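Report on the following structure.
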Amino acid sequence: MVHNISLSSRKALHNVHLPYMVQLPKPTGYNVALKNAAEGYDKARRMVAWLYDIADYESSIPQTFTLQQKTDKYTWELSDNFPPHLAVVPPDQSVSAPSIFSPVRLAQTLLIMSSLWYDDHTDLAPGPEQNTMQKLTQWNQERHKDQGWLIKDMFNAPNIGLRNDWYTDEVFAQQFFTGPNSTTITLASDVWLTAFTSEAKAQGKDKVIALFESAPPNSFYVQDFSDFRRRMGAKPDEELFNDSDGAMRYGCAAVALFYLTAMGKLHPLAIIPDYKGSMAASVTIFNKRTNPLDISVNQANDWPWRYAKTCVLSSDWALHEMIIHLNNTHLVEEAVIVAAQRKLSPSHIVFRLLEPHWVVTLSLNALARSVLIPEVIVPIAGFSAPHIFQFIRESFTNFDWKSLYVPADLESRGFPVDQLNSPKFHNYAYARDINDMWTTLKKFVSSVLQDAQYYPDDASVAGDTQIQAWCDEMRSGMGAGMTNFPESITTVDDLVNMVTMCIHIAAPQHTAVNYLQQYYQTFVPNKPSALFSPLPTSIAQLQKYTESDLMAALPLNAKRQWLLMAQIPYLLSMQVQEDENIVTYAANASTDKDPIIASAGRQLAADLKKLAAVFLVNSAQLDDQNTPYDVLAPEQLANAIVI
């Protein structure tokens, strides 16, 4: 398309002052460089938007394209290391990094990535002198006290390291109910229970065996990362490591067994720091505290057990960052967007329901592929780049749509939706909130799609050729290649569920797995992205571990890795803006020119208001009142993947 710039616009361009081109003096320190970079990014963002508007080039005014035009604009890239994705973001959809991220946080991140060190920059990461956990926690507390009034950094917001009990079994376990990855804890299978029972007998753990025999059915759960090697294309006993970027790092595939009491206390019982295909080939350690009420053990000094818990959370970092967050929200939603743009006309009701939940996702994902994964994730992970990319591709290809619908997912993992408000599950706030949010969103979608104007019966869905084309595009090897997407959608209920799922991924699910990262991950000892010393090869070796062994596993001598581990969660956890939350979406929907959407939007707004009150109660019922669970509160819930 040719864009003509009027004479008056050209004169305006000649006379305009471009603040982002002003020559600034060489910075004298980190804070000065950060201030200059942040101001420059913000000015550039505003100037670029203004220039586009006055030149009438891809302006901020919405444009409508025909289905053929969209098909031509949205093409697949199928030949790089990533799952199928958009080849090139169309100019009218392209959003710059400074418009997506906080300019200050982005500038901080770029300074860290580019290794532009200044004398006072070293304060953002500890050094070898912080060689005990007590020194590390004191350092973290002091950094939070030292925040200036102008330039804020990753220590401006609280993190888990400010808790005196951050390392305890209670706080460790609760992270799998209300932390960044609360989506994968699963009822232990008979196979796992048999394996742990046999190992407990071999190690003479009589109290553990007695608990296995006396506990009610469905009392044991696992966080299971044992399939990492298979999914990454590694051999069962292959050592997982990454020696790029000048720092040797190790990955692990841990398994943690938990006991969930009838009153809802989740307690870790046993850990395999790195599962290598069988229990015999792996190391298994049992908790000295079989009973969660046992206070006879000094948890602070139980270094073998603390090391094992660190392995679990490091494994969880990998699953969360690469799969639960990146793949299962960002990349999967991009496939939905591209397929819908190619096969659904702008006036199609499904397209109209989904489009508001896309916003900056395509530009954000392009940045992730070009920068975040190769320049951040790979340099701090404990797995090689080929293993990481294989892990992501495998997860994308095998993404199981219907089994991940919220009610089905919770049921399959051992959390019956009709029992979520019982004492046993009262601490699983993610499950309680996300299930109610799914029900609310499904009600909204259903009230629109089931209207007689759109799909009065199943036959009207089965006869919709564009819906069938969308299914084909999602499954095709020349499209998204997601063969677990339905081969066809032929009933109203099936369509309602799928549209609800697409909104769920973009809004509540992404919010749940993204916005808690700063709190749980900027304090690196809680959840390191990798281990910086080899893992133990026998239980005898692990049982001899002292504090120095755990400290050696942390990146105290790898400052860049520490900084990236801490900074990226801070970059990605910026507070959701009011115009980006689900409440504003409902308000906008309530004034839609389509009366059906408007009516549904008004009901959605009312339902969200009720949910806000319910979620406050759910958080107040948590045993742990030190860290509220409010990430899914409607006013904090992002309407789309905006960061």
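Placed from the backbone N, Cα and C atoms, the Cβ positions cover glycine too.
What Swiss-Prot says about this protein:
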type: BINDING; residues: H325, H330, H510, N514, I643; note: Mn(2+) binding site
type: DOMAIN; residues: 166-643; note: domain 'Lipoxygenase'
So which one is it: of the binding-site residues H325, H510, I643, which has the fewest other Cβ atoms within 10 Å?
I643
Please average pLDDT over the domain 'Lipoxygenase' (166-643) for the predicted structure.
97
At a 10 Å cut-off from the C-beta of N514 (Mn(2+) binding site), count the other C-beta atoms across all protein chains.
25
Let me know the DSSP-derived helix, strand or coil state of H510 (Mn(2+) binding site), please.
helix
For H325 (Mn(2+) binding site), name the DSSP secondary structure in the helix/strand/coil scheme.
helix
Measuring CB to CB from H330 (Mn(2+) binding site), give everything in the same chain under 8 Å that is also at least six residues away in sequence.
T361, L364, N365, A368, H510, I641
Same-chain neighbours of the Mn(2+) site, Cβ within 8 Å of the mean position of the Cβ atoms of H325, H330, H510, N514, I643 and not counting those residues, run in sequence order as L326, T329, T511, V513, L572, I641
